[in-house]
């Protein structure tokens with residue numbers, strides 16, 4: 001053994017060839033600060049070996065290196081810029097020394113090589129991969145950019161266009177694509193990986209492969225003519241501006257850095273990468289996006305822990321076909337759980353099957369499946385007008401009309417047709433689960449399962465625990481949702497549960513602004529362009545359906561009369577009374593016409609201004625700051641109440657539910673992350689300016705207490721220990 005660290009070791013293989021093996025405790029390898037330091041020590045040992053002829057890098061895990069240790073990021077981001085820059089220089093010196101070894105090097109890459117893992121193998125001369133490879137640089141999705149030389153080496157290896165596509169979008173690619181663009185040199189079966197890598201290494205040692213020529217382009221300026229450079233970088237900057245926008249500075253910073261570094265050799269180019277990385281790491285956007293990653297891991301880990309002792313349902317059923325039922329049936333079947341889809345008429349069943357077939361055909365068109373797979377999936381969805389097969393199902397989700405009487409009748413009837421241990425769930429969006437449970441003989445086997453539309457796209461499923469829902473019931477439904485590829489978050493019961501309960505105060509803030517003379521077009525523009533929502537409130541209401549919102553608004557008002565009962569006729573009432581239901585009938589705040597792809601395109605409609613004039617004061621202008629404050633305060637206050645009342649368990653789950661269920665702008669990180677970034681004291685000062693607008697603007701007492709001590713909702717993060725304490729030489 002040449003070297004043994006906590007996460008890697010170095011040993012001789014044969015005839016002057018050494019192997020450097022990543023083998024961290026636990027299930028995966030991460031390139032954390034300790035591993036980088038250990039890698040530097042191992043390379044120091046290699047540099048002393050006069051008889052070294054070649055080096056093989058490999059992993060003892062199912063994945064090569066999954067990336068940097070993101071749990072370290074928030075504390076690293078608090079380190080002063082100078083110290084962070086110093087540590088990055090040290091880390092890059094380690095990879096440079098790996099790249100500069102006077103012998104050929106190869107990485108045998110299995111599974112994932114992401115972020116720092118990808119940057120590590122870019123420093124070797126050759127890369128051989130297995131078919132399950134996923135390799136790339138996802139850093140821009142975390143609000144930063146590659147910091148271990150990825151923005152320098154990848155463009156020089158692949159060419160600017162291929163590298164920009166991966167780096168700016170934070171993409172990873174599979175084995176075939178990686179081979180095609182030159183990111184790996186070959187792909188072999190897993191059992192042949194080491195043998196194949198050794199064969200390449202021997203060829204390089206024997207002079208059959210020119211490893212020095214392979215290495216040289218990574219040390220030099222990027223080979224691009226002035227015209228090629230102008231075209232590549234102009235197109236990349238245009239694409240990034242269009243897709244990422246101003247709220248995500250990392251992608252455009254990465255592109256500009258690669259452009260600026262193109263004319264330099266490795267050392268100067270790495271210095272530019274360092275200078276760009278450090279300021280990005282100190283942005284609120286980076287902290288928010290890293291926070292989302294960590295919250296996502298937490299939520300998924302919680303679901304895994306919850307379901308460790310239950311069997312995932314093997315057969316499911318959906319009550320109520322149509323678009324929603326068809327979407328749920330498709331998602332279940334697509335992920336391998338056969339489903340019976342029941343309705344009371346053929347027309348609805350046809351609609352449900354058509355929806356499932358449409359979604360499968362899209363997969364076929366994209367080349368994700370072939371005709372055989374399509375036929376196989378669709379054959380596991382069984383449409384029926386009766387209860388045939390219900391005696392074999394493990395879980396049933398009801399997705400009929402949003403009417404408590406109808407839902408109770410359907411659920412009570414279904415309970416008589418299934419096994420005593422079958423779990424029933426309701427896809428209601430607002431009706432309390434404990435109220436629906438009153439119709440059942442076995443309420444312990446019942447809970448809520450709130451999907452979001454469109455089912456195949458929206459990652460969140462709210463799992464609602466009723467007063468009598470058993471732990472086993474919740475666990476089974478969480479297991480099914482996870483199997484369907486969704487992110488389940490368990491919440492406690494109340495009208496609207498969590499997501500809709502906090503959404504309708506936001507809509508109420510919108511209605512009050514319109515009542516006071518604001519223009520809905522400006523509100524939408526501000527909430528989209530300035531705050532960052534994917535849709536402004538008017539557009540969102542049109543997509544949700546004005547009729548749906550009108551009904552849900554009444555349910556929420558009955559559930560929370562003190563805050564959500566309004567004493568005036570609002571814009572939603574006016575549009576509903578005029579039969580303007582949104583996209584579903586082509587008339588809402590906007591008029592909708594289908595574009596060439598069959599998607600609804602919004603157009604101005606002057607009739608709306610006349611309708612709104614009946615329920616609004618004369619038009620007046622509002623500042624962007626006031627619009628954002630009046631829209632967000634009711635939502636954030638309600639989010640805080642949900643935490644205080646135990647409707648949602650943690651700030652992390654609340655923020656993920658908002659991001660995954662409502663499209664809360666990820667660069668804000670969710671309501672609690674936004675609140676912490678703003679500061680509770682500053683938020684309280686802002687909210688108090690609007691408390692005269694009514695109970696929705698009254699800040700909960702718990703938040704007032706936080707503000708008095710300026711406490712955050714997330715646990716405070718300590719800066720990483722001074723970088724000088726790490727090995728930096």
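From the backbone N, Cα and C atoms, a Cβ is placed for every residue, glycine too.
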Same-site substrate binder from 210, 296, 309, 343, given that Swiss-Prot records 500, 660: 296
Co-listed NAD(+)-binding residue [Swiss-Prot; alongside 324, 343, 400, 401, 402, 407, 453] among 379, 429, 434, 470: 429
Sparsest-packed among the recorded positions, when each Cβ's other Cβ atoms within 10 Å are tallied, from 139, 402: 402
Residues that sit under 8 angstroms from residue 500 (substrate binding site) by C-beta distance, when 6+ apart in the chain: 429, 430, 552, 556
Whole-number Å value of the largest CA-CA distance among 296, 500, 660, listed as substrate-binding: 20
Cβ contacts of residue 407 (NAD(+) binding site) (under 8 Å, same chain, 6 or more positions away): 398, 400, 401, 426, 428, 431, 436
Listed recorded positions (119, 296, 343), ranked by Cβ neighbours within 10 Å, top entry: 119
Fewest other C-beta atoms within 10 angstroms, as judged across 429, 453, which are the binding-site residues: 453
Alpha-carbon distance [residue 450 (active site, for 3-hydroxyacyl-CoA dehydrogenase activity); residue 324 (NAD(+) binding site)] in Å: 11
Largest inter-residue Cα distance among 324, 343, 400, 401, 402, 407, 429, 453 [record-listed NAD(+) binders, Å]: 20
